[in-house]
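Student: Here it is: the structure, laid out below.
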Amino acid sequence: MSVKEVAHPLVKHKLGLLRQHKLSTRSFRQITSELAVLLTYEATADMELEPATVEGWSGPVEVQRIKGKKVTVVPILRAGIGMLDGVLELIPSAKVSVVGLYRNEETLQPVAYFEKLAHDIHERTALIIDPMLATGGSLMATIDMLKAAGCERIRALVLVAAPEGIQKVARAHPDVDIYTASVDEGLNQDGYIVPGLGDAGDRIFGTR
Ligand SMILES: O=P(O)(O)OC[C@H]1O[C@H](OP(=O)(O)OP(=O)(O)O)[C@H](O)[C@@H]1O
Ligand SMILES: O=c1cc[nH]c(=O)[nH]1
Ligand SMILES: [Mg+2]
C-alpha cells in the first residue's frame with residue numbers, strides 16, 4: 001500500500017483555508033470540491049493510455065486516450081458527497097457506487113445503512129471518496145463491501161488522514177492506495193482528527 005500526501009501548493013493552500021473554523025458552509029463546500037479535483041488529478045496520474053487516431057483539421061492525427069476508462073466513484077455518505085462533483089468534473093463518465101455509513105459516536109464503530117454499487121464493479125477501479133480518515137473504521141467497512149462485490153482495484157481519496165487510520169487500513173488492505181491532502185497529527189480522545197477539520201459532514205451540509 002502507498003500513502004500519497006499531495007504536496008502541490010494549491011492543495012496546501014486550499015487545505016489551509018478549509019481548516020479555518022469560521023468558514024461559511026458555502027465556502028467549505030466549494031473548497032472541498034476544489035480539493036477533490038486536485039486529489040483526483042493525482043490519483044489518476046498512472047492511468048494507462050492507448051494510441052488512437054482522430055480526424056484532425058489537417059487529416060488523421062495520432063492521439064492518446066485513456067485505456068479502459070472503467071472507474072466507479074464511491075462516496076461514503078454523507079460527507080463523501082461533498083467531494084463527488086469535483087471527482088466527476090475530471091471523470092464525467094464514471095459510474096457512482098454509493099455507500100452509507102455513520103460512526104457510532106460512543107463506540108466509533110461504523111454503522112452501515114446503504115449500499116448501491118455499480119453492477120460491473122468487478123471490472124472497475126473504485127475511487128472511494130470521504131473527506132476524513134480517522135480511526136479507519138468507515139474506510140475499512142467500505143473496502144470490505146467493495147471487495148465482497150468483487151472489486152479488485154481500490155483507491156481512497158481523503159482530504160485529511162490520521163496516522164492511526166492509515167495504519168489500520170494498511171495492515172488489513174495492503175493493496176489499497178490512499179491519496180490525501182494531509183496526514184495530520186492524530187486522533188483526540190473523541191476520535192476526531194487533530195488539527196483536522198472538525199465534523200466534515202456537518203460543515204458540508206451546514207447541520208451544526
Ligand atoms: O475513520 P472513522 O473513524 O470511521 O471516521 C471517519 C468517518 O466519520 C465521518 O463520517 P460520519 O460518521 O460523521 O458521518 P457523516 O458523513 O454522515 O457526517 C467521515 O466522513 C468518515 O466517514
Ligand atoms: O475528525 C473527524 C473524524 C471523523 N469524522 C469527521 O467528520 N471528522
Ligand atoms: Mg459527520
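The backbone N, Cα and C atoms fix where each Cβ goes, and this holds for glycine too.
Under the heading domain 'Phosphoribosyltransferase', TrEMBL lists 7-207. Annotation source TrEMBL lists 5-phospho-alpha-D-ribose 1-diphosphate binding site at Arg78, Arg103, Asp130, Pro131, Met132, Leu133, Ala134, Thr135, Gly136, Gly137, Ser138, Asp199. Residues or ranges marked as uracil binding site by TrEMBL: Ile193, Gly198, Asp199, Ala200.
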Student: Asp130, Met132, Gly136, Ser138, Asp199: which of these binding-site residues put a Cβ within less than 6 Å of any ligand 3 atom?
Tutor: Asp199
Student: Go through the binding-site residues Asp130, Ile193, Gly198 and pull out the ones with a Cβ less than 6 angstroms from some atom of ligand 1.
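Tutor: Correct list: Asp130.
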Student: Is any of the binding-site residues Arg78, Asp130, Met132, Ala134, Gly136 within 10 Å of Ala200 (uracil binding site) (Cα-Cα), and if so, which, in sequence order?
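Tutor: Arg78, Asp130, Met132, listed in sequence order.
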Student: Out of Arg78, Asp130, Gly136, Ser138, which binding-site residues lie by ligand 2, with a C-beta less than 6 Å from some atom of it?
Tutor: none
Student: Measuring CB to CB from Gly198 (uracil binding site), give everything in the same chain under 8 Å that is also at least six residues away in sequence.
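Tutor: Expected: His21, Tyr192.
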Student: Determine, using Cα-Cα distances only, which of these binding-site residues is closest to Ile193 (uracil binding site): Met132, Ala134, Gly136.
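Tutor: Going through Met132, Ala134, Gly136 one by one, the closest to Ile193 (uracil binding site) is Ala134.
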Student: To the nearest whole angstrom, state the Cα distance for the pair Ala134 (5-phospho-alpha-D-ribose 1-diphosphate binding site) and Asp199 (uracil binding site).
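Tutor: Approximately 11 Å lies between the Cα of Ala134 (5-phospho-alpha-D-ribose 1-diphosphate binding site) and that of Asp199 (uracil binding site).
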Student: Limited to the domain 'Phosphoribosyltransferase' (7-207), I'd like the whole-number average of pLDDT.
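Tutor: A mean pLDDT of 97 is what the predicted model shows over the domain 'Phosphoribosyltransferase' (7-207).
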Student: Please give the maximum pairwise Cα distance, in Å and rounded to a whole number, for the 5-phospho-alpha-D-ribose 1-diphosphate-binding set Arg78, Arg103, Asp130, Pro131, Met132, Leu133, Ala134, Thr135, Gly136, Gly137, Ser138, Asp199.
Tutor: 17
Student: Test of understanding: give the count of other CB atoms lying within 10 angstroms of the CB of Asp199 (uracil binding site).
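Tutor: Result for Asp199 (uracil binding site): 15 other Cβ atoms within 10 Å.
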Student: Do me a favour and check the Cα-Cα span between Asp130 (5-phospho-alpha-D-ribose 1-diphosphate binding site) and Asp199 (uracil binding site); whole Å is fine.
Tutor: 12
